[in-house]
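Undergrad: Can you read through this structure? Questions will come right after.
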Amino acid sequence: MYKFLSHEPLANKSCHHNHEEHSHEHHHSHADARSVDKKILKISLLMTFSMMLVQFIYSILSNSLALLSDTLHMFSDVFALALSFLAIIAVEKWQDHQKTFGYFRLEVLVAFINALTIILSALFIIYEAIEKFINPKEIDAKTMIIVAILGFLVNGVNALMMFKGANLENVNMKSAFLHMMSDLLGSLAVIIGGIVVYFSGIVYIDTILAIVLSILLLRWAIILLKQSTNVLLESSPVDIEKVKQVLLLNPSVDEVVDLHITQITNKMLVASMHLKVKVCDLKEFEKLSQDLSHKLLHEFEIGHITIQPIRSENEI
């Protein structure tokens, strides 16, 4: 008797055509989504950079530490948006035969870096808020309010564009959106703080709001950091045991000897498995691989599957 070595799932002509058609549509869907994401990021980057310069100038002129903190936070957003934009360019344009999955993982790496910058920005805001609470300074509240409102509008437009048009299931775009939301909330805190200072002279409400909003940002950023870390560490995005159960439901599969599932980027799952199978020849195995590939694609969205079969010992 014989033992199979390794085999990529094959299909008959009809099934192969359907799979190609699905892959073709899937590819164009991803390409279209990235094209929209790239356009949104470009507009957001230009608007955020311009607003950052305006806020920096007027934070110095108004002597507003809160506005300066928001400006530094916006600087981290400019950095994050630039990285997100470059990640999409890399996926679309850069070619390297050694990188068999292209630069898709760069999107996840950028999301990881973005999450870290959000965390650092939030911690910096908390530090500055405590410092301001201990040593309050007189500020030009009117200028602070006007500039913060302008920043709020710019961040609001950017966040709305991303929410309506971007693919927020993509961790790269999700991280960029979180940056916009964090800046939106930061601008809101500065507006409220400025209004309170203008009418009452009490500066502490601005400090309290900054701390509360920063804690919320930390929570969001930690979730994003966990998601991107899991992808980079190649943790399985789906329940391994459930996948094994589905494989064993096929009467031709005796045992799942080994199973690895990883996520390259958003909606791009890869699985490799070592199965003991009850098949007599290559034709039967081709049919089995088609069935398993179809099942895993539709139940778990695993689109790239490699099966290494070993003939079951009880099969004569």
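Using N, Cα and C of the backbone, Cβ positions are placed for all residues, glycine too.
In case it helps, TrEMBL gives these features for our protein:
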DOMAIN    41-233  domain 'Cation efflux protein transmembrane'
TRANSMEM  43-61  transmembrane segment
TRANSMEM  73-91  transmembrane segment
TRANSMEM  103-127  transmembrane segment
TRANSMEM  143-163  transmembrane segment
TRANSMEM  184-202  transmembrane segment
TRANSMEM  208-225  transmembrane segment
DOMAIN    237-308  domain 'Cation efflux protein cytoplasmic'
Undergrad: Using DSSP, what's the helix, strand and coil tally for the domain 'Cation efflux protein cytoplasmic' (237-308)?
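TA: Residue counts in helix, strand and coil order: 28 helix, 30 strand, 14 coil.
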Undergrad: Sort out the residues at least 6 away from either end of the transmembrane segment (43-61), same chain, that have Cβ-Cβ distances under 8 Å to it, and list them.
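TA: For the transmembrane segment (43-61), the list is 67-68, 70-71, 74-75, 77-78, 81-82, 85, 140, 143-144, 147, 150-151, 154-155, 157-158, 161-162, 176, 180, 183.
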Undergrad: Restricting to the same chain and to residues at least six past its boundaries, which positions have a Cβ under 8 Å from a Cβ of the transmembrane segment (208-225)?
TA: 66, 69, 111-112, 114-116, 118-119, 121-123, 125-126, 128-130, 171, 174-175, 178, 181-182, 185-186, 188-189, 192-193
